Amino acid sequence: MDITAILHMHAELSLTAVFILMFLLDLFLPATQRHWLRPMACILLTIQLLANLWPEEVTLFGGMYHSTPMASVLKSILTIGTILVFLQADTWLKREDTRHKQGEFYILTLSTLLGMYFMVSAGHFLLFFLGLELATVPMACLVAFDKYKGHSAEAGAKFILSALFSSGIFLYGISMIYGTAGTLYFEDIPAGLTGTPLQVLALVFFFSGLAFKLSLVPFHLWTADTYQGAPTTVSAYLSVISKGAAAFALMIILMKVFGPMTEQWSEILCIIIVATITIANLFAIRQNNLKRFMAFSSISQAGYIMLAVLAGTPQDMASLVYYIVVYIAANLAVFGVISTIEQHTHGKIEREDYNGLYKTNPKLTMVMTLALFSLAGIPPFAGFFSKFFVFMAAFHSGYYLIVFIALVNTIISLYYYLLIVKAMFITPNEDPIGNFRTATPMRISLLVCVAGIFVLGIISGVYQLLSDTAIL
């Protein structure tokens, strides 16, 4: 193979260049100039994003690497979400105990993003696993970023144990696939799949490994502890970017690799979806800590995301992508408000702390309310349309009962989302959170998220554009 063919991996190469530049800046910038790290990270990542807006279909290394226009769209979505997270991290990283670790945060985050790029463009299970681990190992460091705080260290330990267990299960499933199909190339595996018991077991192990990354029930047990203990900005990144990449990868592999076994994995997925949405909703109602609340909300949203996967056609990839784009905007808006209030109040993240928030911080309250309405699926916000497209995709595929159960759970979710809205607007507070000015980078991030919640709901052409690009 001509070595110049590697240059066609321009998304990965340009992101690697950003990684190296950030590493050098972190290494050589004096302490008095380290405040330039965040703007440089955002600028470099934006340039990288713009440089990859003209995608092409590329197959390299005999099919081990395969990038399509849709894969480029997915990478762009993950990159935009990462830029928003960088903006939200600004105030947190300026604290005295984290100021000296700014460079580490950006380098670790870029490492996880590079791993997700490889997951999305993998055409071979070996490359996919390398991307998965590249996305997971730095994430463990991010979860334990505040390592001298007990909750963060505990969250990091639990994340590492979950990651090790899920990786082991995933590898075991891959080994079974290789033993029965004789190859690990995505294009060649379907020809060797006949639905034997060993292949079904391999499918179960593969799915279980990725289910940990998506926090699907029953693989969710330490998710709430991880979200609560991790820094809020890291929890935001974990809930949307990491989960979005895993969902993209899962659908691509189920369509490309396990297409001949659709009957088997669709049955598994039906059970997982019902359990995930229902159990997560029941636990979310009981939560007072907003980070634990958002953890169970994230688990529930993962169940809705799986509805698009269940639909099982490449065309339904559009509903999955649209849902995740909207989910990124709404979830980052909520976590942005939580992070802002947490930084200015030295850790207030309980629901009762938000009582009467509208009287002292009306703008943050409105951002939080709009985002929660979108997550709940209330029209005319984008969350309503994202749920509608996902439900219609599953309905047209004949999963009527699953759609009905999901609709019932959507109604249940209104209760716990509106509990927070009620607290902010109606419930009195003798010691309310004081008024404060939100940092400019956070305001930019929240403005983009709110604009996304409105614009993605109003402009239906976004969904049509994704439908036209949805080629796995």
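For all residues, glycine too, the Cβ spot is worked out from N, Cα and C.
Pulled from Swiss-Prot, these are the features on record:
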{"type": "TRANSMEM", "residues": "11-31", "note": "transmembrane segment"}
{"type": "TRANSMEM", "residues": "43-63", "note": "transmembrane segment"}
{"type": "TRANSMEM", "residues": "67-87", "note": "transmembrane segment"}
{"type": "TRANSMEM", "residues": "103-123", "note": "transmembrane segment"}
{"type": "TRANSMEM", "residues": "125-145", "note": "transmembrane segment"}
{"type": "TRANSMEM", "residues": "159-179", "note": "transmembrane segment"}
{"type": "TRANSMEM", "residues": "234-254", "note": "transmembrane segment"}
{"type": "TRANSMEM", "residues": "265-285", "note": "transmembrane segment"}
{"type": "TRANSMEM", "residues": "293-313", "note": "transmembrane segment"}
{"type": "TRANSMEM", "residues": "318-338", "note": "transmembrane segment"}
{"type": "TRANSMEM", "residues": "362-384", "note": "transmembrane segment"}
{"type": "TRANSMEM", "residues": "446-466", "note": "transmembrane segment"}
Cβ contacts the transmembrane segment (234-254)/the transmembrane segment (103-123), at least three under 8 Å, sequence gap 6 or more: yes
The transmembrane segment (103-123) in contact with the transmembrane segment (11-31), cutoff 8 A, at least 3 CB pairs, sep 6+: yes
Cβ-Cβ under 8 Å with the transmembrane segment (318-338): same-chain residues at least 6 beyond its ends: 70, 73-74, 77, 80-81, 84-85, 88, 232-233, 235-236, 239-241, 244, 247-248, 251, 290-291, 294, 298, 301, 304-305, 308-309, 311, 349, 364, 367-368, 370-372, 374-375, 382-383, 385-387, 389-390, 392-393, 442, 445-446, 448-450, 452-453, 456-457, 462-463, 466-467, 469-470
Tertiary contacts of the transmembrane segment (67-87), as residues 6+ beyond its ends and Cβ separation under 8 Å: 8-9, 11, 38, 41-42, 45-46, 48-49, 52-53, 55-59, 106, 109-110, 113, 116-117, 120-121, 233, 236-237, 240-241, 244-245, 248, 317, 321, 324-325, 328, 332, 441-442, 444-445, 448-449, 466, 469-472
Cβ contacts under 8 Å made by the transmembrane segment (265-285) with residues that lie 6+ beyond its boundaries: 203-204, 207, 211, 216-218, 220, 224, 254, 258, 293, 296-297, 299-300, 302-304, 306-307, 309-310, 312, 399, 402, 405-406, 409, 412-413, 415-416, 419
